[in-house]
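As recorded in TrEMBL, the features of this protein are as follows:
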{"type": "TRANSMEM", "residues": "58-76", "note": "transmembrane segment"}
{"type": "TRANSMEM", "residues": "88-108", "note": "transmembrane segment"}
{"type": "TRANSMEM", "residues": "151-171", "note": "transmembrane segment"}
{"type": "TRANSMEM", "residues": "192-213", "note": "transmembrane segment"}
{"type": "TRANSMEM", "residues": "219-238", "note": "transmembrane segment"}
{"type": "TRANSMEM", "residues": "250-266", "note": "transmembrane segment"}
{"type": "TRANSMEM", "residues": "278-295", "note": "transmembrane segment"}
């Protein structure tokens, strides 16, 4: 198609919309913001996002979808005490809520009614923060060209969180009222109250740090999975393989951390070269094995007693 970009279109993300196409000749509008679902090409023309998210994009969306689920599970466990039967049902309900929210979010995204989504390719970090690149040609008037250059990776997370919150408010209070009879009235709904706090925090986190999370999430997963596993094993006084087998819950927590660790490794490697990347998954149990093999040497009481004897 013939391209005419007279006069020059300033700004990193400003572009001209295609008004009409006559054969090979395109007519363009004024330089400005691109419509939703479009971003500028190399010639500063707004083009429709017709690509599909690549593997890394899906892994990022999976991470953002896991965050509320993991937080739900943590606070349900935190506030349920020893009422494991009621906690299990709440865990299942939270998984159901987040799964349905994810499916509905994909269905309402373009193309509507399909689990596939069309997207623009993420090229660099600035694509997430187009509001910081609005040009001021005369240093007085600002041309506002803020749009979602990473469509729909930025806004789809907000839509997902909204569906999660609505489904939680519809389902969880009724369930908790029915099954959490062993808990006090004030404790029954604490996991729900916690969600009312962490959903706004997650929303702000995505709004401000979405681009940073996109590039850093594999390393965040690895670090958090390692730290939380060590803290859990220490708090549960797990010092040997026998301690792990005593309670099924400990094995569930261990395997959950292994899954997160594997997810982080896959996200970093992207599994581009299977023969090189798949063997890395053998490292998943390594931190837990290292902890179990060295725990007896770092027991505080033993260190104190040996220190006292030495003195």
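For all residues, glycine too, the Cβ spot is worked out from N, Cα and C.
In this chain, the transmembrane segment (278-295) lies out of contact with the transmembrane segment (192-213); the count of Cβ pairs under 8 Å, excluding pairs fewer than 6 apart in sequence, is fewer than 3. By the count of Cβ pairs under 8 Å, the stretch nearest in packing to the transmembrane segment (219-238) among 58-76, 88-108, 151-171, 278-295 is 278-295. With a threshold of 8 Å between CB atoms, the same-chain residues lying at least 6 positions outside the transmembrane segment (151-171) that come near it are 36-39, 49, 53, 57, 60-61, 64-65, 68, 72, 93-94, 96-98, 100-102, 104-105, 108-110, 117, 119-120, 122, 128, 192, 195, 199, 202-203, 206-207, 210, 214.
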